[in-house]
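*Asks:* Please read through the structure below; I'll follow up with questions.
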Amino acid sequence: MADAYIVDGLRTPFGRRNGGLSQVRPDDLAALTLRHLVERTHVEPMDIEDVRLGCVTQVGEQGYNIGRLAPLIAGLPVEVPGVSVNRMCGSSLETINQSAQAIMAGVHDVMIAAGVESMSRVPMGSDGSTFSDGLTGQYNIVPQGISAEMIAEKWHLSREQLDAFSLESHRRALHSQAEGYFVREILPVDAPQADGSTRTISQDEGPRADTTLEKMATLRTVFKPDGVVTAANSSQITDGASALLLASETALKKYDWTPRARIVAMSVVGVDPVIMLTGPIPATAKVLSKAGLKFSDMDVVEINEAFASVVLAWGEEYHPDWSRVNPHGGAIALGHPLGASGGRLVLTALNHLERTQGRYGLVTMCIGWGMAIATIIERL
């Protein structure tokens, strides 16, 4: 089987809900990342064999197959096709995995794996309606926040533990911003503002320097009166886009590219759709097995911070060195633009490996309705 390589990638800053990127259409935001990725890598646009673009809420400005429209907006040739992919929160990690699979199988040589979500302009859930009786008759379907509460209860996680983890996410994100660790992966965006002005957004808007455990403790729980899940220990509603260029060895030789990483292995799993968010636990085991590696081989782990309880429950099973888990903060601080987050996780992991001279990185994400996805990359 052939290898699939990451040539390069970038993402926009992640904007807060109704923040600096909220006046930018998601199709335009995605197009911006595609255009700059092509410019950065010097790939001949006609060689791009497909654009796979993750997006969860595919209605309104994210409808009409945004995966096809964004490349057209970016000025790519009409011959370059595109498709929208929805594996919910794992969508852009799914596009990376799909692109790698096509290259490994020898079907394609050059692929773009991208993702976008404007949660300000296209609110989460606006693509839904009611559930089939065939589903609700079998499963007691609940909101993800209730699932996060169920996880906290099952693993005996306290409000104090969740808040402490969340505060550390902000601390790490702020430190990484101050040190310039995100600069390589972020594409600054000249974004129109509601007052008619234009502002350059060059860093993630989510990290809060003024947050404290005392402030977090004042917040009401969101899903259960006697629960532990609050806005402070959950991922932020966010706007953003990401894009990566993947290539075969044939394409590397043609362009004289030096790849940044190799895709080692990938996995997807299904779990109970009610507690729903426990999937990173088996997804991690599965991807390690496929890679023939041990958990201790991982130099960095990026696990999506959909809720603090999800990450801490995973940690109860793997007992990681927490300094290697989300070392630059996660979605609680940086935000979680649903369709774009997987790309961000891979880029952040790759940049960390390059900076620390690590070898392997593991990325995993929980997914709604009881799924999870994972990918292992090797720095080259």
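Counting begins at 1 with the first residue displayed.
Placed from the backbone N, Cα and C atoms, the Cβ positions cover glycine too.
Quick paste from TrEMBL:
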type: ACT_SITE; residues: Cys89; note: active site, acyl-thioester intermediate
type: ACT_SITE; residues: His336; note: active site, proton acceptor
type: ACT_SITE; residues: Cys366; note: active site, proton acceptor
type: DOMAIN; residues: 5-249; note: domain 'Thiolase N-terminal'
type: DOMAIN; residues: 258-379; note: domain 'Thiolase C-terminal'
*Asks:* What's the CA-CA gap between Cys366 (active site, proton acceptor) and His336 (active site, proton acceptor) in angstrom, rounded?
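*Replies:* Spelling it out, the Cα of Cys366 (active site, proton acceptor) and the Cα of His336 (active site, proton acceptor) are 12 Å apart.
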*Asks:* Would you mind splitting the domain 'Thiolase C-terminal' (258-379) into helix, strand and coil residue counts from DSSP?
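*Replies:* Helix/strand/coil tally for the domain 'Thiolase C-terminal' (258-379): 52 helix, 35 strand, 35 coil.
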*Asks:* Select the most exposed residue of Cys89, Cys366, where exposure means the fewest other Cβ atoms within 10 Å, treating these as the active-site residues.
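*Replies:* Output over active-site residues Cys89, Cys366: least Cβ neighbours within 10 Å is Cys89.
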*Asks:* If you average the pLDDT over the domain 'Thiolase N-terminal' (5-249), what number do you get?
*Replies:* 98
*Asks:* Measuring CB to CB from His336 (active site, proton acceptor), give everything in the same chain under 8 Å that is also at least six residues away in sequence.
*Replies:* Cys89, Ser235, Gln236, Ile237, Thr238, Asn304, Glu305, Ala306
*Asks:* Should Cys89 (active site, acyl-thioester intermediate) be counted as helix, strand, or coil on the basis of DSSP?
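*Replies:* Going by the DSSP assignment, Cys89 (active site, acyl-thioester intermediate) falls within a strand, counted as strand.
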